[in-house]
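What Swiss-Prot says about this protein:
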- 112: active site, schiff-base intermediate with DXP (ACT_SITE)
- 173, 199, 200, 221, 222: 1-deoxy-D-xylulose 5-phosphate binding site (BINDING)
């Protein structure tokens, strides 16, 4: 189901799954493969989260060198859908080259594009992102795009062929939670492709808020990997995403300035 669909129009079947680039998934939690103490912990956390998709930094994770521990031996491609990403790329050329190498290595064409502006904030460079997106789409890739929370750029990315829009909630690895709910709501309401919060989630309540706003899914890495107990946090995130989605579909009560008694006042003794 696309995020812009309202709760009233949801069917039981569409509620249970979401689809990106023609691929359907049940889990709405995507997890990363960085910052864990080892691949075994990473794999255990991904399973505890109930994740079906794991995102992989092609430039930082060992996928092909058999002399070193291989991610694929722990987080198995037969168990998870790999989503190669361009973490660490600061130019469109680097991003395009990285994803072409990923496709050659593993045959992956569903990818996550991120082109960063500077090492301090890791904000996306939106001009470079849009330029490289067009090149990748022309080259046959299905591209999910990390972007700013700017509704105008989100629309431009979708028009350029992005299969999913992934606005940041806060800077990557900051754990600050969703800082601009208004813009995120606007992006969700206008999008005809899935919208996922990408970056900034710090704890379970942040994930729940993103889902309550109507996101199709949440992507996170540091919130789980740097928790004191990554496996327990992965479980918490799984339940938070489910709870947030259920709350969105249920439709929250209206906020009121004054009290409204839970029990009727008529007929008091």
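Cβ atoms here come from the backbone N, Cα and C positions, even for glycine.
Features per Swiss-Prot, on structure.
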residue : record                                         : contacts (Cβ under 8 Å, 6+ apart)
112     : active site, schiff-base intermediate with DXP : 55, 83, 84, 85, 86, 143, 144, 145, 146, 166
173     : 1-deoxy-D-xylulose 5-phosphate binding site    : 122, 199, 221, 222
200     : 1-deoxy-D-xylulose 5-phosphate binding site    : 168, 169, 170, 171, 172, 174, 175, 176, 177, 178, 179, 206
Minimum Cβ neighbour count within 10 Å among the binding-site residues 221, 222: which residue?
222
Three states by DSSP: which one describes the residue listed as 'active site, schiff-base intermediate with DXP'?
strand
Please find which two of 173, 199, 200, 221, 222 have the most distant C-alpha atoms, given that the record lists them as binding 1-deoxy-D-xylulose 5-phosphate, and give only that distance in angstrom, rounded to a whole number.
9
Within 10 Å of the Cβ of residue 199 (1-deoxy-D-xylulose 5-phosphate binding site), how many other Cβ atoms are there?
24
Need the DSSP three-state call for residue 222 (1-deoxy-D-xylulose 5-phosphate binding site) to compare against my parser.
helix
